[in-house]
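TrEMBL annotations:
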type: TRANSMEM; residues: 40-57; note: transmembrane segment
type: DOMAIN; residues: 52-485; note: domain 'Citrate transporter-like'
type: TRANSMEM; residues: 64-80; note: transmembrane segment
type: TRANSMEM; residues: 100-120; note: transmembrane segment
type: TRANSMEM; residues: 132-150; note: transmembrane segment
type: TRANSMEM; residues: 218-241; note: transmembrane segment
type: TRANSMEM; residues: 332-353; note: transmembrane segment
type: TRANSMEM; residues: 359-377; note: transmembrane segment
type: TRANSMEM; residues: 389-411; note: transmembrane segment
type: TRANSMEM; residues: 431-449; note: transmembrane segment
Amino acid sequence: MVLGTEYDPIIITVQAFVQDNSMVPLSMTHQSLYVTRERQVVIAAVILGGVYVLIIFEIVHRTLAAMLGSLAALAALAMIGDRPSLSTVVEWIDYETLALLFGMMILVAIFSETGFFDYCAVKAYQLSRGKVWPMIIILCLIAAILSAFLDNVTTMMLFTPVTIRLCEVLNLDPRHVLIAEVIFTNIGGAATAVGDPPNVIIVSNQDLRKSGIDFASFTGYMFLGICLVLLTSFPFLRLLYWNKKLYNKESSEIVELRHEIRVWRQTAQRISPASREETAVKCLLMQKVLNLESVLRKQLKTFQRQISQEDKNWENNIQELHKKNRITDRVLLVKCISVLGVVIFMFFLNSFVPSIHLELGWIAIFGALWLLVLADIQDFEIILHRVEWATLLFFAALFVLMKALAQLQLIDYIGVQTALLIKAVPEEQRLAMAIILVMWVSALASSLIDNIPFTATMIPVLINLSQDADVNLPIKPLIFALAMGACLGGNGTLIGASANVVCAGIAEQHGYGFSFMEFFRLVLLSSGMSLVQILKSSCPGEFLLLPGLCWRGFH
């Protein structure tokens, strides 16, 4: 049966088995809700824009914004006649990433019970000799190096608690330091084939391996470019923070008191008064908050001291800090270091020996279970309270949202339009413009949508371009431009990379949350300068011609 439409014909085949030769009545009704590809892209763009409006202006929490966006995208798919089943929607969620996050959250929660993070903060304070910028540069450099070999999400989960405690010791605002670390974590993750998920997707593609893009060659090319980005990013970071007040304007006692009030208020708000005892506990916590606010008002009236930009008495404070911040449980510390060392070793082993077939999520879960058994945790609910459930829900909703947007042809549309732009460029400038277009489109797209499905979509587009006789472009420069843009573009927005969201979630749990716009104002220039530096080194001069060539391509 052929049902003709004004678009493509719909063919329906019905096969029936009957027990006799009598006539069997059959009635069929077909209702087409077909929507053109352009309309699907418009719908997807509107949904994505709505999600960003909710997050940017903080109308609702980013987790709720992602859930509303995924629900709207699923509703759009249902309206156009492409409604996915519940099992399909569940399959869209990347459970390996969620398992990795959950396992590492458990490990870090138990690790924090040892006092190790406070001890590291004091040691870093001692090594920096009271100077802020040497400490920030050392932290960023270590974060970049670790994220080149570890998952950048894991790196930030380990670094964020240390950084927060260190900033509290130095009376710094942790948000600026954390954002700087996230920037360098995303940069360092692009250096190797295992540092960022888009790189893993690229080196795992069989067609690209046949073209000579394997683990060693990919890492060799990317490592040189990322080293150049790092060398230029450190002075640019210093310039970016030139007028920033890294130190708190108030004394450390007042800052710590404000933070304590914020934490106690959040704790009280999380208690649901389901029973009489819970209601009493919530009332006690709110009374404590009121008492602390009264103490804060008295301290603000008597406070007249100005904070200098360098702690002149750092030597005198070291002994006092060592007394307050020491290892509280050495036995548990040995267990944590042992388990974490095995987990990190298995991460490396999984990267270099993929034949073991053990994913990162399973490694993190096994490590968390192993440490829970060794640590003999009696009150398991305390550990679960430290898990960032809002962050896990955000990622689950984001995975569904991105898959639904891909079903609405948004990502395919971006890839096709990029290919058309490249073909419209004159042949003598086509390679340089192709590198620039792929890198900038990848960076902009990765800052707005998840870079994993975008990378997976762009790889076959670039392979087809390289095999097109009319275009005649080599595949390697295009793939390296895709990797650079997808990885460095994650610095563009707060939800552009998983490490950004994880860092913001942990900071919010400690009472130092930062908004979408606070992150965006600081990282926008940094990510743009990183890409410009790469373009200058790879195709100097041509990137200035990009606007004119794009205009010529559209007309």
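Just so it is clear, glycine is given a Cβ too, placed from its N, Cα and C backbone atoms.
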Inset, instruction - Could you check if the transmembrane segment (332-353) is in contact with the transmembrane segment (100-120), meaning 3+ Cβ pairs under 8 Å among residue pairs at least 6 apart in sequence? - result: yes
Legend entry - CB contact flag for the transmembrane segment (100-120) and the transmembrane segment (359-377), at least three pairs under 8 A: yes
Legend entry - Overall pLDDT for the domain 'Citrate transporter-like' (52-485), taken as the rounded mean: 81
